[in-house]
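Enquirer: After the structure tokens below, expect a handful of questions from me.
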Amino acid sequence: MMIPFYKMHGLGNDFVVMDERTERFGLTPARIAALSDRHRGIGCDQFVVLRPACRAGADVFVRFFNADGSESGACGNASRCVADLLRQQGGGASSVLQTQAGLLAARIDAPGEVTVDMGPPALGWRDVPLACEIDTLHLPIDGDPAAASMGNPHVTFFMTDLPDPHEAGPALERHPLFPERANVGFARIMSRGALRLRVWERGSGLTLACGSGACATVVNAVRRGLVDRTCRVDMDGGSLTITWRAADDHVLMTGPAVTSFVGTVDLDGYPS
Ligand SMILES: N[C@H](CCC[C@H](N)C(=O)O)C(=O)O
């Protein structure tokens, strides 16, 4: 069964996008993980599935899956890519994405430049979620991190020298304090308007960029009084501009979206 897919990326955080708006392809977690494998499959950080929207005002329902097959409520870089894909398919400059974390408004600012309203952060311990009632601004973990949710769990360590995320990332991703695991951000403040970030992502490992991680990191940095509400986030793959808007508590994320290629894959060769 030959199925088309789009290969896309946001700052090198890459995706396979499959469109199930008219037909289902039996995309189980096992099949998604096999397709996401960089040696035996197509290869990607996240696998994105489009479904018909079922909430009023939404243009499409988008589901995000990590390379290990686990599902996430949010994926900022992929959200920008889906918005650009809708534009390529004849949509206008504005679209609304239905996600597990809520409705996201997206706007094409210029070709390949997209702003997504990621909605408000969730800052309570149950929201992240954490395993017990704890102040999310100072977690009882070495390095005194903060935690926040952008529809997915993020823990942020503020440091002067960024470590190799491969060293501490895997254990922190699965720390007992995070019952749904966590995306682990390592951030260095450069000024009131800029920070450097590397993220060990839940279910995918180190990526070149993490959109929801950039949002959560700016939120946590503002909460700590370290940066202003509009901040540039520099990651290995490039930079995003994040604004945590005081007027409505929403977090806006602006950055690129790229279609690398379109392909087809025979799903019969992958486990169901
Ligand atoms: N690994 C994340 C999902 C992808 C997030 C990242 N790629 C982004 O751009 O937000 C999680 O399991 O919550």
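Please read every residue number as a count from 1 along the shown chain.
Note that Cβ sites are derived from N, Cα and C of the backbone, with glycine treated the same way.
Caution: TrEMBL annotation is automatic and unverified by curators.
As annotated in TrEMBL:
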ACT_SITE  CYS75  active site
ACT_SITE  CYS75  active site, proton donor
ACT_SITE  CYS210  active site, proton acceptor
BINDING   ASN13, GLN46, ASN66, GLY76, ASN77, ASN152, ASN183, GLU201, ARG202, GLY211, SER212  substrate binding site
Enquirer: Using Cβ atoms only, which residues of the same chain lie under 8 Å from ASN183 (substrate binding site) while being at least 6 residues apart in sequence?
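Expert: Once residues fewer than 6 apart are set aside, ASN183 (substrate binding site) is near ASN152, PRO153, HIS154, VAL155, GLU173, VAL199, TRP200, GLU201, ARG202, CYS210, SER212, GLY213, ALA216.
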Enquirer: What number of additional C-beta atoms lies within 10 angstroms of the C-beta atom of SER212 (substrate binding site)?
Expert: 32
Enquirer: Given the recorded substrate site (ASN13, GLN46, ASN66, GLY76, ASN77, ASN152, ASN183, GLU201, ARG202, GLY211, SER212), which additional residues of the same chain have their Cβ within 8 Å of the Cβ centre, ordered by sequence?
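Expert: Near the substrate site, the remaining chain residues are ASP45, PHE64, SER72, ALA74, CYS75, ALA78, VAL199, SER204, THR207, CYS210, GLY213.
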Enquirer: Helix, strand or coil by DSSP: which one applies to ASN77 (substrate binding site)?
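Expert: Helix, per DSSP.
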Enquirer: Pairwise over ASN13, GLN46, ASN66, GLY76, ASN77, ASN152, ASN183, GLU201, ARG202, GLY211, SER212, annotated as binding substrate, what's the top Cα to Cα distance to the nearest Å?
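Expert: The two farthest binding residues have Cα atoms 16 Å apart.
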Enquirer: Of ASN13, ASN66, ASN77, which of the binding-site residues has the most Cβ neighbours inside 10 Å?
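Expert: Buried the deepest by this measure is ASN77.
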Enquirer: Count the Cβ atoms, other than its own, that fall within 10 Å of the Cβ of the residue listed as 'active site, proton acceptor', considering every protein chain shown.
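Expert: Neighbour count, Cβ to Cβ under the 10 Å cut-off: 34.
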Enquirer: Enter the number of other CB atoms within 10 angstroms of the CB of ARG202 (substrate binding site).
Expert: 24
Enquirer: Within its own chain, what residues at least 6 apart in sequence put their Cβ under 8 Å from the Cβ of the residue listed as 'active site', listed in sequence order?
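Expert: Expected: PHE15, GLN46, VAL48, PHE64, ASN152, GLY211, SER212.
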Enquirer: Where does CYS210 (active site, proton acceptor) sit in the DSSP three-state scheme?
Expert: coil
